[in-house]
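Features reported for this protein in Swiss-Prot:
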TOPO_DOM  1-24  topological domain 'Cytoplasmic'
TRANSMEM  25-45  transmembrane segment
TOPO_DOM  46-64  topological domain 'Extracellular'
TRANSMEM  65-85  transmembrane segment
TOPO_DOM  86-96  topological domain 'Cytoplasmic'
TRANSMEM  97-117  transmembrane segment
TOPO_DOM  118-235  topological domain 'Extracellular'
DISULFID  Cys156-Cys224  disulfide bond
DISULFID  Cys157-Cys189  disulfide bond
CARBOHYD  Asn172  N-linked glycosylation site
DISULFID  Cys173-Cys183  disulfide bond
DISULFID  Cys190-Cys203  disulfide bond
TRANSMEM  236-256  transmembrane segment
TOPO_DOM  257-283  topological domain 'Cytoplasmic'
Amino acid sequence: MARRPGVPAAYGDEFSFVSPLVKYLLFFFNMLFWVISMVMVAVGVYARLMKHAEAALACLAVDPAILLIVVGVLMFLLTFCGCIGSLRENICLLQTFSLCLTIVFLLQLAAGILGFVFSDKARGKVSEIINNAIVHYRDDLDLQNLIDFGQKKFSCCGGISYRDWSQNMYFNCSEDNPSRERCSVPYSCCLPTPNQAVINTMCGQGMQALDYLEASKVIYTNGCIDKLVNWIHSNLFLLGGVALGLAIPQLVGILLSQVLVNQIKDQIKLQLYNQQHRADPWY
């Protein structure tokens, strides 16, 4: 059948505006994070199942396992839209993926700006989280390990000072506290001992009963909030690099999905054009 003059041969039935490079690059991009999300969920669920029931209900707000599961599930759903949308060339799924990714990016950007502008309120929120974590220190093994790591990493003890540990029922200094750890602090507050082969987990025994000078000979007495703030100020470039590293994959995903959506729309227009002119004897 003769082709209408002026219609490019490249726009025949075999031509496609959809670039295989863009399509499969977006697919494998989402597949990678899809697998990562499933690993995150699996690790989070495993961590929850390994805990006792009472510990599992003790401190949901700061439980790292719960956080891992929630982030993993959200990432799974988001990357599912990206994977299937790119593979099936589904505009609805691709637009959903792009919109959700844009919202996540804007929320992260807003959180960073608000944290910088309202640094005092952010500091207060961090203090609240740390104090809540201190209260539930013995209730959650993951939380306990996280606090111990933070205190050793930043050479600190408690939120404001080492006496913050009195908020914990096991370390409380009240006379009616029957705990053997009464008026103590965790071993992670203790100053490191050179060439120590075995960790002395009782090194913080009775430290809250000592004054600042006496306690400073054995444990860290400064709180972790000030140490954390100082660390952030000293590593702004590093944190900026991490933020950029998180933002780049999101921006790439948004860009690729929008490019693919536009290509699919152009392909649909081409198919409609071919259908409308198929009955034309000069087509």
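Cβ coordinates come from backbone N, Cα and C, glycine included.
Here the features listed in Swiss-Prot are placed on the structure.
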| residue | record | DSSP (3 states) |
| --- | --- | --- |
| Cys156 | disulfide bond | coil |
| Asn172 | N-linked glycosylation site | coil |
| Cys183 | disulfide bond | coil |
| Cys189 | disulfide bond | helix |
| Cys203 | disulfide bond | coil |
| Cys224 | disulfide bond | helix |
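In this structure, the disulfide-bonded residues under consideration are Cys189, Cys203, and the one with the smallest number of other Cβ atoms within 10 Å of its Cβ is Cys203.
Within 10 Å of Asn172 (N-linked glycosylation site), as judged by C-alpha distances, the disulfide-bonded residues found are Cys183; the full candidate list was Cys156, Cys183, Cys224. Using CA atoms as reference points, the disulfide-bonded residues Cys173, Cys183, Cys189, Cys190, Cys203 were checked against Cys156 (disulfide bond), and the closest is Cys189. Other Cβ atoms within 10 Å of the Cβ of Cys190 (disulfide bond) number 23 in total over all chains.
Cα-Cα distances to Cys190 (disulfide bond) place none of the disulfide-bonded residues Cys173, Cys183, Cys224 within 10 Å. Cα of Cys189 (disulfide bond) to Cα of Cys224 (disulfide bond): a span of 10 Å.
Comparing local CB density within 10 A for the disulfide-bonded residues Cys173, Cys224, the maximum falls on Cys224. Long-range contacts of the transmembrane segment (97-117) within the same chain, counting only residues at least 6 positions beyond its ends with a Cβ under 8 Å from a Cβ of the stretch, are 30, 78-79, 81-82, 85, 243, 246-247, 250-251, 253-254, 257-258, 261.
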